[in-house]
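All remarks here apply to the structure that follows.
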């Protein structure tokens with residue numbers, strides 16, 4: 001009887017798995033923002049090879065070299081709180097961008113001019129600057145790094 005019940009439930013399980021599984025491999029916009037821009041510890045951000053290591057580690061050198069990226073070295077909660085700070089217009093003209101009320105510790109990574117894929121070579125520069133992020137969702141969280149000021 002237990003086997004019979006299992007055989008009846010198996011097709012339902014397969015159907016459910018097929019419905020849920022595709023979303024398992026998909027990264028949300030908020031998760032992508034965190035992968036590409038958050039490094040709260042930032043322990044080796046003062047190293048000249050920081051950007052080379054982090055860009056590779058965070059999958060931004062697969063297939064091509066991402067030309068520019070910024071890492072934020074602040075707690076995630078502090079960066080998420082920017083979504084309730086000063087509303088500003090995004091570079092693309094949308095109205096869902098917000099500017100941090102204070103300067104944050106960031107590292108800018110710029111692809112060096114002579115660098116070619118697959119040997120992505122970045123210049124690492126540290127700053128204390130305000131940042132602008134685009135926010136979406138419920139809860140309202142950063143999904144795009146728009147600029148520094």
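Cβ coordinates are placed from backbone N, Cα and C, and glycine is handled just like the others.
Database features (Swiss-Prot):
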REGION    30-49  region 'Disordered'
ACT_SITE  37  active site, proton acceptor
DISULFID  51-109  disulfide bond
DISULFID  65-120  disulfide bond
DISULFID  83-135  disulfide bond
CARBOHYD  87  N-linked glycosylation site
DISULFID  90-97  disulfide bond
ACT_SITE  144  active site, proton donor
Sparsest-packed of the listed disulfide-bonded residues (90, 97) - C-beta count within 10 angstroms: 90
Recorded positions near residue 83 (disulfide bond) (Cα-Cα within 10 Å), from 37, 51, 90, 97: 97
Greatest C-beta neighbour count within 10 angstroms, which of the disulfide-bonded residues 51, 83, 120: 51
Which recorded positions sit within 10 Å of residue 135 (disulfide bond) - Cα, from 37, 65, 120, 144: 144
Cα-nearest neighbour of residue 97 (disulfide bond) within the listed recorded positions, 37, 51, 65, 120: 37
Tertiary neighbours of residue 65 (disulfide bond) (same chain, Cβ under 8 Å, six or more apart): 55, 111, 115, 116, 117, 120
Secondary structure composition of the region 'Disordered' (30-49) [DSSP: H/G/I, E/B, coil]: 8 helix, 1 strand, 11 coil
